[in-house]
Structures are given as structure tokens and as C-alpha cells.
């Protein structure tokens, strides 16, 4: 028997206090080591950005350059050993390919000589006389710079110094100022080698601009329907869920009834003699059986989880109250999307600058090509990891902000007096205490995405080569495994972020608490999540 005032046994002292699962007022910084590592990582990204600005030449990509190292539309500096370099191309803003109909890529180089011209030929030129006349009338010289226009028809080497005949009509491509052939034969060859991806982007943008009124109207209609569905969920959640369930049951029963009725009609039709009609009857029987099985499974699940439906409705009502007390939660994804767009634009700009960072090297014929600098490929991979990690971090900040705001509203004791500015409070808690946790969780997701990215790169690089059935099977199995791992870890990290927002614990402790809690209440979690996702999916379909 323990005496009064005696110290507690060691076993009692070591027993951890159970988690209260209530927002903590007094917190401490979590996972600070990861915050320091992320700072070091971004220091490397800033170095790459500065290096790309200093060593890159984005003007070569945007404005184009000829085979002699001159950027079109710019005044250029000479390259040692290239006599046709260093020319003033201020008035020559268009990139012309002398052999546009037969472009080929040899050793990562285009086989055609490229020139800077003042205008693209809009009509077909069949002879050198017409090429000379075009130069005299338009001031656009389509032969190599060392050959004067008066010698186009007299020089014996004009065939190699002038474009291949006939010269197809072309037009300048918007933004990039490339002379693109307009004849179908040349265009297909040209686009397949040079601007296939850009042309797809151009067609997409053209389609969007031509139908912008319709697209804008549909977006406004979708927003209105979504807001209407949200307000409907707010006021008649129970009735709406029951309506959804009644509609899905009625729809499944109707589909089953129609399929079985059609099959019955086929079997009692004496005029069935063709093989195609017999195949149709077999297909109808298969569809009827599958729809019956699906209907039976759905009805069984609804019957088994009928008690969970009430819990799901209560969760929807809690979320509706939280949104009602803090309506700016609806705009949180828009802010996140704007930040992501800004970061992606900056990332692409740095990537393009890295792609143009190269040293000029003179090759045969006095032409110039740019060799990538040492270490550029490693910078590309580092830059790619920065894209994935930072994007995941931005999405993680959104999740933790929303989780903290909802937890503040849910655990508020005075329901008639909602908390002031829960989003700002959640953001302040995140940036003051839990940035390290967000960085650690986003790094975990990055680690799972990098192997998938490498596999995708290898698959695209080797897709034109012959592969056996085993290699294709291995690729698909790896994709499937990494996809499943990504889904499981994403669910775990999202729950861990919620636990951190509530309890103020670090990432590993939060993940451990979530696993313990979910293992004790696995049936509740599974049924509520599945049914809630199903109801949300139905709401999206009906809106």
C-alpha cells in the first residue's frame, strides 16, 4: 500500500498521457531540422536561377537564331572562327529554314541551314530567278549571307547556298517568328520535327480564344450550380442525401429492368436467325448480369452502412457550419492555384534559361552550334526536384490551413460565438510553428513521385524501341505499385497534417496517432470516407 505523499511508481510516470485531440494554445516548433534543410535546398535553387540568368540566352529560344550564331532581331557579337557571325539582325526578325520540306535531326542538330530574314515568302518560288526577284522586291535574302542577290543565278554553287527548290509559301508563326510552310506536305514534315508540341499548344489556344464566350458561360454556369449545390447541402443536407440515395437506387433498378426486359424480348423473338443478333443477345445477357450484381452490391452496402449515413450527414452539417462562419474557406483553393501558377511560370522561365546555357562551338562550314555546359543536366534534375517538392509544399500549406480553420470552428465551445478570423489564425500557427512538418510531409510525397517520374522518362525514351512482354509487364507493375504507394501515403500525410493542426505534434507523432486512431475505428473511417466521397461524387455529377 502506497503511503500518502509518496512519489508515484516509475511505471506510472512513464505512462503517456492520452491525446486530448483539442486545439492547443501553447505550441512549439515542430520538425525544425527539415525547415533548415528546405532553406538549404532553396539556396541551391536560387543559385541555379542566378546561373541560368547569367549563362542562359533565352533570346535564342524566343527569337530564334541562324546556323552562324546570330540571334534574329538583335545586334550580335562575333564568334571567333565563324566569319558570318556577329551581324546586325535588327531588321531580320524571322527564322527561315532553307530545306523546310525535308527537315531531319542528325546528332541533335537540324540538317537544314537556318537564316534570319526580314520576311517569309508568302508565295511559292520555283526558280532562282524568283528567289532573286523576291530578294530585290522585299529585301529578304533567302540565300547564305556571303552570296549577294545579284549572284543568285550566276554562282555555280548557288544550289548549295540557296534554299531547296521549290521554296514553299510560308507564314510567320506567332510569338516565335518561325517561317512555317503552308503546303500540307511540307507542313507535316516540318511540324513533326520542329514545332509539333508548339503547334498543339497553338491550336489549343486558338480553340479557347474562338470559343471563349461559350467557355466563360459554361464556367459561370458550373460555378452557379456548385454554389447552389453547396447552399442546398447547407440547409437540407439530410433530405438531399436521401434524394441522392433514392435516385441511385431507382437508376440502378431501372437499368436492370430495361436490360432484362430487352433480353426477354430478344429470347421470345422468333425472327432471330443472324449471328450478329445472337451476339447482341449474349451481350445483353452479360450487361444484365453485371448490372444486377452491381445493384445487389450497392443495395447491400447501403443496407449495411445505413447507420453510418447519419454520421456522414452530421459531418456534412459540421462542415457547412464551419463554412458559414468562415466563408473565405471557399476561396482558399483559388489563392493556392494563383501561387502555384506564379511558381510554375517562374520555374519554366528558369528551365528555358538553363536549356539555352551553352558555349558557342564552330563546326564545319563556319557554322556555330551551342554545346551544353558541364553540369547542366544535373541542374535540370535538381530543378525538377524543386518543382515537385515546392508544389507539394504549397498544397500542404493549403491542407494544413483548412484543417486548422475547421478544427478551430469544430472545437469552439460557444457555438453562438464563432472564432474571429480562423483562417488567419491557422495561417499564423502554420508559419510560426509547423512549417517544418509541412516540409517533411511534402518531401515524403516528393520521394514517391521521383521514381514515377524517372519511370515515365524511361518509358517515353524507350517507347519507340522493341520491348518484350516481360519488360512491358515490369513497367506496368512498377507504375501500379508506385501509384498505390502514392495514394496510401497521401491519405496518411493528409491525416497527419490534420493531427498536427489540432494537437501541435510533429509529423511522425501525428502519423503515429492517426494510425492508432484509424486502426481502432477502421470500420467507421472506411464507411464514412467511402460514403462521403460517393455523395460528393453524386453532387458533382448532378451539378
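Quick reminder: no glycine exception, Cβ is built from N, Cα and C everywhere.
Same-chain residues lying 6+ beyond the ends of the transmembrane segment (34-54) with a Cβ under 8 Å from its Cβ atoms: 350, 353-354, 357, 379, 382-383, 386, 389-390, 393, 435-437, 439-440, 443. Here TrEMBL flags 34-54 (among others) as transmembrane segment.
Residues annotated as transmembrane segment in TrEMBL: 215-236 (among others).
Among the features that TrEMBL reports, transmembrane segment is placed at 243-264 (among others).
Positions annotated as transmembrane segment by TrEMBL: 284-305 (among others).
Among the features that TrEMBL reports, transmembrane segment is placed at 334-360 (among others). Among residues of the same chain six or more beyond the transmembrane segment (334-360), those with a C-beta under 8 A of the stretch's C-beta atoms are 48-49, 51-53, 55-58, 60-61, 69, 79, 82, 368-373, 376, 379-380, 383, 386-387, 390-391, 394-395, 397-398.
If you look up TrEMBL, you'll see 380-411 (among others) marked as transmembrane segment.
Using a Cβ-Cβ cut-off under 8 Å and counting only residues 6 or more beyond its ends in the same chain, the transmembrane segment (380-411) has close neighbours at 22-23, 38, 41-42, 44-45, 48, 318-319, 321-322, 325-326, 329, 332-333, 335-336, 339-340, 343-344, 347, 350-351, 354, 418-419, 422-423, 425-427, 429-430, 434, 437-439, 441-443, 445-446, 449-450, 453, 493-494, 497-498, 500-502.
For the transmembrane segment (284-305), the residues of the chain that approach it from at least six positions outside its boundaries are 245, 248-249, 252-253, 255-256, 259-260, 262-263, 266, 527, 531, judged by C-beta separation under 8 angstroms.
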